[in-house]
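According to TrEMBL, the features are:
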- 533-583: domain 'Cationic amino acid transporter C-terminal' (DOMAIN)
- 68-89: transmembrane segment (TRANSMEM)
- 101-121: transmembrane segment (TRANSMEM)
- 133-153: transmembrane segment (TRANSMEM)
- 220-241: transmembrane segment (TRANSMEM)
- 261-284: transmembrane segment (TRANSMEM)
- 347-373: transmembrane segment (TRANSMEM)
- 394-418: transmembrane segment (TRANSMEM)
- 424-444: transmembrane segment (TRANSMEM)
- 474-495: transmembrane segment (TRANSMEM)
- 501-520: transmembrane segment (TRANSMEM)
- 532-554: transmembrane segment (TRANSMEM)
- 560-578: transmembrane segment (TRANSMEM)
Amino acid sequence: MDKAALVADPDGAARAGGSFASLGAYGRALAQTPRRLARRACAATAPGEEMSRVRARSGPRMARALRWWDLVGLGLGGMVGAGVFVTTGRATRLYAGPGVVVSYAIAGLCALLSAFCYTEFAVDMPVAGGAFSYLRVTFGEFAAFLTGANLIMEYVFSNAAVARSFTAYLGTAVGVDAPSKWRIPVPGLPEGFNQVDLVAVGVILLISVCICYSTKESSLVNLVLTGVHVAFILFIIAMGFKHGDARNLTRPADPSRNPSGFFPHGAAGVFNGAAAVYLSYIGYDAVSTMAEEVERPARDIPAGVSGSVVVVTALYCLMAASMSMLLPYDAIDPEAPFSGAFRGRKGMAWVSNVIGAGASLGILTSLMVAMLGQARYLCVIGRSGVMPAWLARVHPRTATPVNASVFLGLFTAALALFTELDVLLNLVSIGTLFVFYMVANAVVYRRYAGDSDAGAGDGLGQQQQQQRRRAWPALAFLGAFSLIALSFTLVWQLAPAGGGAKAGLLAACAAAAVGAVAAFQALVPQARAPELWGVPGMPWVPAASVFLNVFLLGSLDRPSYVRFGFFSAAAVLVYVLYSVHASHDAEESGGALDGGGGAKVQDEGCKV
């Protein structure tokens with residue numbers, strides 16, 4: 001390519017050998033960063049392109065071997081971890097009292113609303129990318145990359161912390177002080193990095209091997225472990241009802257200091273408790289990343305995702321009720337509510353060992369589901385061209401994303417080996433709630449603005465113009481509604497309690513939210529209708545999910561926002577220095593293959 005051609009076409013060198021072919025090529029690519037950002041950051045792909053040309057970059061297809069009961073098992077395994085044993089105690093003692101049963105029911109309903117949003121995307125576009133793919137076809141590449149990168153980083157950090165906690169819970173089950181007996185101190189290393197945990201590393205590597213070998217076999221292992229774990233939980237529930245006292249549901253241990261009644265702190269306490277326990281429902285989102293491996297997406301995904309949320313809600317409500325009967329709410333140990341309650345009873349200390357065994361199984365199942373999900377997120381991010389393509393490869397024999405699974409497994413094991421991560425088991429990072437918020441917005445936007453079109457033809461420019469015209473009302477509604485939800489959250493968090501001012505402001509915000517949704521529904525027609533399964537009550541259900549997630553984001557602490565800001569800044573840096581150029585190269589090299597990429601394609605193993 002001569003110098004004159006490079007002047008006429010500054011991206012010509014990149015197309016000739018790629019942006020990373022040499023140091024000079026990378027320098028020329030960096031000089032084109034503003035131009036490429038303008039072109040790629042908001043570039044949305046068509047669903048048909050995600051399901052055909054983009055998926056083809058992984059090579060062999062993932063095997064469609066999962067059914068709805070596999071998805072229910074994966075949802076249960078992902079949600080019912082050891083964290084619920086801590087979450088229930090804290091919500092009961094600090095917020096809701098015995099009314100925590102209602103808190104769990106409210107949180108379960110809210111989780112179901114978010115699950116509906118995921119389900120519409122997963123059924124219509126059954127690929128392994130989960131939220132990354134959903135946001136890529138609606139809000140574009142940069143929004144998808146930012147949320148996906150945060151989600152993967154927090155998967156890795158939380159999985160490392162959970163794996164280290166497995167050592168402690170397993171020690172409780174066998175009556176051993178595991179942190180001091182099973183961890184190896186290393187002199188000279190700084191505090192927090194000087195306890196080598198080989199048990200945690202062994203668990204992560206074992207699960208990594210399992211998920212690399214076969215998704216179906218991993219699902220069977222998860223079903224067995226989840227079944228045993230649920231049996232432990234049912235045993236604990238039965239023991240609580242058998243040895244509990246119904247009078248504890250309304251009577252505190254110290255009536256002179258603490259209010260009595262089933263709702264000792266009123267409606268505010270119940271809703272604050274719901275915000276706290278909602279974090280125990282996180283995990284169903286990982287099920288959506290298995291959509292590419294589901295045999296009948298239109299039937300199995302709605303039953304699997306919604307069914308797991310309903311079953312978990314029932315278990316959580318029963319657990320909360322049994323614990324509230326065991327002890328008065330003001331006598332519950334917020335850090336170890338169940339084991340503490342049984343340890344204080346004569347001849348019942350052995351039950352705490354059973355709880356340790358059940359928690360250990362819960363850790364294994366939640367780790368397996370999380371590691372299955374994180375590998376598929378990274379696999380599809382690699383497919384999109386914003387990360388190295390070798391991460392997207394699917395092994396021809398196992399039909400699993402082996403490279404992504406091994407890479408993240410080794411990274412997680414390295415963190416778990418040395419790092420004492422001070423992350424609570426029930427803590428869900430701000431990134432996860434932000435993804436839920438984005439997916440709820442995306443399902444509204446896609447219904448009312450339509451899909452981006454791919455392909456060629458005389459009518460393409462006109463279709464794009466129509467799509468842009470439809471987009472503005474949807475974006476205006478979503479922005480205004482988010483501001484109303486934020487106003488409600490700020491009033492709830494910051495306005496002084498007492499008097500009618502706070503209640504009046506909250507009522508005004510709620511009325512404004514209802515009015516905004518009603519006006520949008522009446523004035524703006526839907527641009528597309530789901531072909532197979534759609535969120536019911538559009539736009540009310542996703543709007544409620546948006547409102548809830550904004551409310552929960554407002555309840556998180558400052559370190560969560562600092563962590564999110566740090567990860568987001570790192571993700572933006574990676575996108576600007578690498579991903580936008582890799583994506584540009586992938587677009588240029590695949591341009592000749594686009595053809596009629598807008599048409600949606602089902603693979604041969606997918607049965608509607």
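Glycine is treated like the rest: Cβ placed from N, Cα and C.
In TrEMBL, annotation is done automatically, which means it is predicted and not curated.
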Spatial neighbours of the transmembrane segment (560-578) far in sequence, C-beta under 8 Å, 6+ residues away: 30, 33, 37, 142, 145-146, 149-150, 153-154, 386, 429-431, 434
Region pair the transmembrane segment (347-373) / the transmembrane segment (220-241), three or more CB pairs under 8 Å: yes
DSSP-assigned states of the domain 'Cationic amino acid transporter C-terminal' (533-583) in counts, ordered helix, strand, coil: 41 helix, 0 strand, 10 coil
Sequence-remote partners of the transmembrane segment (474-495) [C-beta within less than 8 Å, at least six residues beyond its ends]: 441, 444-445, 448-449, 501-502, 505-506, 509-510, 512-513, 516-517, 520, 524, 543, 546-547, 550-551, 553-555
Stretch-averaged pLDDT - the domain 'Cationic amino acid transporter C-terminal' (533-583): 87
